[in-house]
Amino acid sequence: MKTRNPIVVQRKNGPPRFLHVNFNQDQECFSCATEKGFEIYNTDPIQCSVKRRFSHNGMSGIGYTRMLYRTNYIGLVGGGASPRFSTNKIAIWDDIQQRDSVSIRFNSPVHELFLSRQYIVVVLAQSIDVYTFSGSPSRVCPVISNIHNGIADFVTCSKMRRASGPQDVEHALSQKHVIAGILAYPSGIRPGQIHIADLSNIQTPSVADASATHLPTSIIKAHKNPIHLVKLSPQGTMVATCSVEGTLIRVFSIASGSLIHEFRRGLDRALIYDMQWNGKGDKLAVVSDKFTLHIFQINEDLDKRHLLKGWFPKVKYLQGVWSMCSTKLDRSLLTHDEDTCKVGWIGDEALSLLWQKSGMWEKYVIMEKLREYKVDETLHSGAPDGRRQLYDLVRESWRQL
């Protein structure tokens, strides 16, 4: 006689648990959009900290959420069967006042929303609008047009800027800290190109008119195929890109536009679900519809190159740098066949995965091990005594939310 109930009820392709999930800026917590409102969880240990339910004339659905660190402000966009807000409107929800303190309406649906203490960045299908973060938002610069498919990323970081002054040389060479708002987006005119803009470089004429301002941008030729994802490092110094092919991940320097790393995820075409930098900006996590999670190391020789590299003429498969570690994800626990996930870092040696439709949280830990080198494995250049450091990705825990 069966007396034990299963931990997870397998309901394939039922109603989605969440309509959207998003990590906050430091990845210490995440927000989830639902048909009834939104929820906020601490990443590790996993715990629900906020749960809001709307009941305004039966209109309660939230389709997108974006937190502002751990503050009381949360960006919301309507969604689901009965949207609480229009899909072409953003609402900045004040959780202390229990009301939306700011709302801005657009002519087309909102694809992405980024918040900082200085800016509100709204990404539409083919354009980006930037406003000041205030009770009465004002436009910072003219509308950025000709972007591709509502794809963009935005980070804020501190940087040094040389101050200029007519008084003396010492003052002219002095430096000051400024808050830079780095914006990256693919070109809608030239597939494969991305544009980088720093909002702190906005050139404003004497006339107080946002339409007269100018935002300088730099261009990086990243891929031959259309861009699928761009992800800026937390320090605003590098940008990771992938195309619709999903086989190569490229990392570029924002300052020079030069290629720093080219990583190979695999040979078969794949849909990249998400890419995420760790806090130090020296590791990049990539998860795809092949149900694999890859970790790439930046500026270190910990990634793997193929055993036959250097023995045969240049072949793209052999030349690529592979991940320092990877793992195959267990799809048996998912309650939806076609689910997508977001990845976030817990410190520098652990990660969390959020499965949107299934409402499942997973924690993976990077474990290092030392073992004898085998012929059928990849080589590590400069490994002493035929031994090399290897890393594994191990699932430590999971939970149905």
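FYI, residue positions are counted from 1 along the chain as it appears here.
Glycine residues also receive a Cβ, built from the backbone N, Cα and C atoms like all the rest.
Under the heading repeat 'WD 1', Swiss-Prot lists 222-262. Annotation comment: Swiss-Prot describes 267-306 as repeat 'WD 2'.
Listed by sequence, the residues of this chain that lie at least six past the ends of the repeat 'WD 2' (267-306) yet keep a Cβ under 8 A from its Cβ atoms are 23, 26-27, 228-229, 231-235, 237-238, 240, 242, 245-247, 249, 251, 260-261, 317-318, 320-329, 331, 340-345, 347-348, 351, 353, 364, 366, 378-382, 389, 391, 393. Counting residues per DSSP class in helix, strand and coil order gives 0 helix, 22 strand, 19 coil for the repeat 'WD 1' (222-262). If you take every residue in the repeat 'WD 1' (222-262) and average the pLDDT, you get 96.
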